[in-house]
Amino acid sequence: ACTGIENIDEAITLLEQNNWDLVAAINGVIPQENGILQSEYGVETLHGPAYGPSSQSTAASSTPSSSSAFRHVVPSRQIVERQPRMLDFRVEYRDRNVDVVLEDSSTVGDIKHILENELQIPASKMLLKGWKTGDVDDSTVLKSLHLPKNNSLYVLTPDLPPPSSSHSGALQESLNQNFMLIVTHREVQREYNLNFSGSSTIQEVKRNVYDLTSIPVRHQLWEGWPPSATDDSMTLAVSGLTFPCHRLTVGRRSSPVQTREQSEEQCTDVHMVSDSDGDDFEDATEFGVDDGEMFGVASSALRKSPMMPENAENEGDALLQFTAEFSSRYGDCHPVYFIGSLEAAFQEAFYGKARDRKLLAIYLHHDESVLTNVFCSQMLCAESIVSYLSQNFITWAWDMTKEANRARFLTMCTRHFGSVVAQTIRTQKTDQFPLFLIIMGKRSSNEVLNVIQGNTTVDELMMRLMAAMEIFSAQQQEDIKDEDEREARENVKREQDEAYRISLEADRAKREAQEREMAEQFRLEQIRKEQEEEREAIRLSLEQSLPPEPKEESTESVSKLRIRTPSGEFFERRFLASSKLQVVFDFVASKGYPWEEYKLLGTFPRRDVTQLDPNKSLLEVKLYPQETLFLEAKE
């Protein structure tokens, strides 16, 4: 009412620039003499005509009966005199940023003089860019531009030589920086925050926005690009974008041959048609108008090629042609059709995890129906419908125009949904097409929740989709609960099976260890027995090979030896003094003390007899006439 601004996007942008301070936002766009001032008594409005495109709004706002939120009132107290308004400018030049603060009564030339001192660049060589109202000259007063408090500008110097290598380094640094682009989709009032590196091009930004908004690059209408961004191949680092954050607005470019009045008239006709029955179209040809031409599109353009080839062997190839032809007729903003057989669509929608399941929407197209063009262009391609279908549905399509394709679908329908649903579709008249089938998968069957005919509206279509989604969500929650319980039971069973397996492994390992230990003990016992048997055999052999013990009354010299064992026992024997020392060793070995394991020691003097020559006689080694020896185990 005060500013005459009718564009809601512009109004919201001004409020955001002023941190949603309503008074500051209004003061920033209306002339000073008509501004709203903040006094110590509250908000008061100066006298004078309202700033706006219509004088009628001024008159309306000045009357006491006006419903405007801002109307002229006679202040009961003296209005506080307004102080000069200060404006903040951040001016970017190559790798430098200069902050300038001026009163709004200053001119653009004053900014250039300040920049001349800061940047050491002649003012005559500067081009000061970034004004929201277009190019200005040096004599322009800032107040007349209705600027917000904070502003961003940039300086271009086309007549100066390119920067030195230091600037190249700054440029390289800019290429490595990340820019935050806040892109507003005008038609749906939705905001996207997109991060791009400085090396990304404007073309790449537009292609990414196409992925988000489904507006082809050639149909995108942009606002907010700096004047220097004249080429889509230009990188963001050199395009003049505000770092680190820059706001842009994108919308769909309208057809150049269609005026606004024609567009509104066409929109009205379309909704009128969509709300009526198919029978209302039967007399259209009486006026010499083809159903395609009714909406500003030549019939020949819509019927260039069939939506789907007749008798297509591969359903995936048929749907690829369907999608391509649909896009060429109705634009790129349309549901994402599943490419594959109907069975594959079932698998995708119904047979995953309960949380990932979706409803299946089957779109049945018919080129000979008068409702087809309206349904496709106004309902099926509406952004709200496209978005809702992509989030909650798997969409599969089929063309029923050709009789062979119709018969093929009815066969598939009978196999998957039963004869009742197939008969329902078979009895549909041509003018009742297109049809939209909503299918929900159940444990043992597939249930058709809804059959939506072509004579509907966007709101009704959305309501029926949402109603089907409510039924599906309730069933899905039960399925998720059952699946979670089943998975919990399976997890418990898996844990029990794993514990049992680990227990079996432990028991088997223990048993195998015991068996190995017993086998080792048995082997050692066998070795021990073999060694004992071998030793016993040696002992017996030595005992048998010993010469007979001489008698005491023998006439030959006899040596009497007394031998003490490690256990403290003694055994005695007589030997001929002429016998070799080896005979004594054999005697000791025959008693179980082989000389390889035991030493035979003498007492006086202490000596190791086993170290003596075994071929010498007892007389020669002085073991005559008697001697006491003791056995000691070798280390």
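Glycine is no exception: its Cβ is also placed from the backbone N, Cα and C atoms.
What TrEMBL says about a protein is an automatic prediction, not a curated fact.
Under the heading region 'Disordered', TrEMBL lists 48-71, 476-496, 540-560. What TrEMBL records for 53-69 is compositional bias 'Low complexity'. Annotation source TrEMBL lists compositional bias 'Basic and acidic residues' at 486-496. Annotation comment: TrEMBL describes 554-631 as domain 'UBX'.
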Residue distribution over DSSP helix, strand and coil in the region 'Disordered' (476-496): 21 helix, 0 strand, 0 coil
Across the domain 'UBX' (554-631), average pLDDT on the 0 to 100 scale: 89
Counts of helix, strand and coil residues, the domain 'UBX' (554-631), according to DSSP: 13 helix, 29 strand, 36 coil
